[in-house]
Amino acid sequence: METLPIFMKLRDRPCLVVGGGEIASRKVSLLEKAGASVTVVSPELHPTLAKSLAEGRIRHLASVFEPAQLDGAVLVIAATDDAEVNRAVSREAQARNIPVNVVDAPELCTFIVPSIVDRSPLLVAVSSGGTAPVLARMLRTRIETLIPATYGRLAAFAAEFREAVKQRFSTGQQRRIFWEDVFQGVIGEQVLSGQEEAARHAMQQVLSGRGELHHGEVYLVGGGPGDPDLLTFRALRLMQQADVCVYDKLVSKEVMALVRRDAELIYVGKSRDQHTLPQEDINQLLVRLAKEGKRVLRLKGGDPFIFGRGGEEIETLMENGIPFQVVPGITAANGVSSYAGIPLTHRDYAQSCLFTTGHLKDGSVNLDWDALVRPNQTVVIYMGLVGLPEICRQMVAHGAPENLPIAIVQQGTTQRQRVVEGTLATLPGLVERAGLRAPCLIIVGQVVRLREKLAWFAPSPEVVSAG
């Protein structure tokens, strides 16, 4: 190890930055975040630095560097484009035993400014010791995706209860075990999901001996339309820490592959006229599993609150006092239309968008047809594959032109995506010949014409033909 990672407390302490350009402005910004009292030495200032000066956040010495300017400084950064000046700053700072960093010159530095993942008060620093800063930044980017932005709130929450926990537990080992349980349990998740008041109440109950630290919870997570890259960071984190996963038919196999490997998997998918479990039984299953103390992932395709019956499920959870959180997902209308190259709104074609379902019941589809055939809008129909012929007939019967563009997308956003385009008059026959299978999404409106120009996603031909 060539360098020792340390964190310096700089609040209200004098720091000197030599240089007034863009790079210097970035270094000044870092020092400002740490609360330092910053003086910039430069004949001229970058607009960002000039703004900071006008707002009274920094001091400015409008001159070239002089050694006397180092007097009193506890840290120095040289960020000029003059190599000789940078060497002089390094030499004079080291003669005074002042830590010095020279940008892009590790041989002149006594400290390195790392790449930083800021989740204040939690900080992660990544450094290559000046040998490969680009690699360090790439690694920092990967770490950024692994640490939720709300981890800073979790660290601040822990600080709030630190003394109370010290009073409650006498040994370091007891405190460590307690905090691990807090961070990995319901209280930690409440903080991360923004339910801090509930977390404080639960923490106070536990510390007073009136509450339990270990109890179950439910994560109602939207798995998106199929492509796992469209998952949110929070969805992925909860998927990888659940004890049991209750999942639907519409969750793609690629998304399911990201669920914690040793989690129990319970399939409750529904298809037309065939339900593995009635909805009320699913609701009660979630309650039972949570009461067993398990972290339950309720994973749904798309978004749980858009035709996903998520509202019914959390009603039951609330009635039974089960902690839960809801993680939105990209609904099929958004994700699938984007991957199909069909914008849902467009200045020239559609100023509004309507979502509905196309369930076929007793040979008919019961929809507000007058609303569906209004001009200058896009209609998106979920679960309408079987009812497609009836949908097209009814739209024409209620005034829509037979040549109105319409498209249907099978397994959108995945490598098995297939798109069939036509009109209200022609699409049912085209779909029958194509042999499409659910899940499918129907898009009706003039925006479908744009697909010819805007289609960008090209699944593997081998996969599509095999599907």
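Backbone N, Cα and C define each Cβ position, glycine as well.
Record note: Swiss-Prot gives Gly301, Gly302, Asp303, Ile306, Thr331, Ala332, Met383, Gly412 as S-adenosyl-L-methionine-binding, and the candidate from Pro133, Pro148, Pro225, Pro228 in that site is Pro225.
Comparing CA positions across the recorded positions Glu44, Asp248, Lys270, the one lying closest to Ala332 (S-adenosyl-L-methionine binding site) turns out to be Asp248. Using a 10 Å radius centred on the Cβ of Pro43 (NAD(+) binding site) and all shown protein chains, the other Cβ atoms total 9. The NAD(+) site is set by Glu22, Ile23, Pro43, Glu44; from the centre of their CB atoms, other residues of the chain with a CB within 8 Å are Gly19, Gly20, Gly21, Ala24, Ser25, Ser42, Leu45, His46, Leu49, Thr80.
Of the chain residues outside the S-adenosyl-L-methionine site list Pro225, Gly301, Gly302, Asp303, Ile306, Thr331, Ala332, Met383, Gly412, Gly224, Leu250, Phe307, Gly308, Gly329, Ile330, Ala333, Gly335, Val336, Tyr382, Leu441 have their Cβ within 8 Å of the site's Cβ mean position. The DSSP secondary structure for Asp248 (active site, proton acceptor) is coil.
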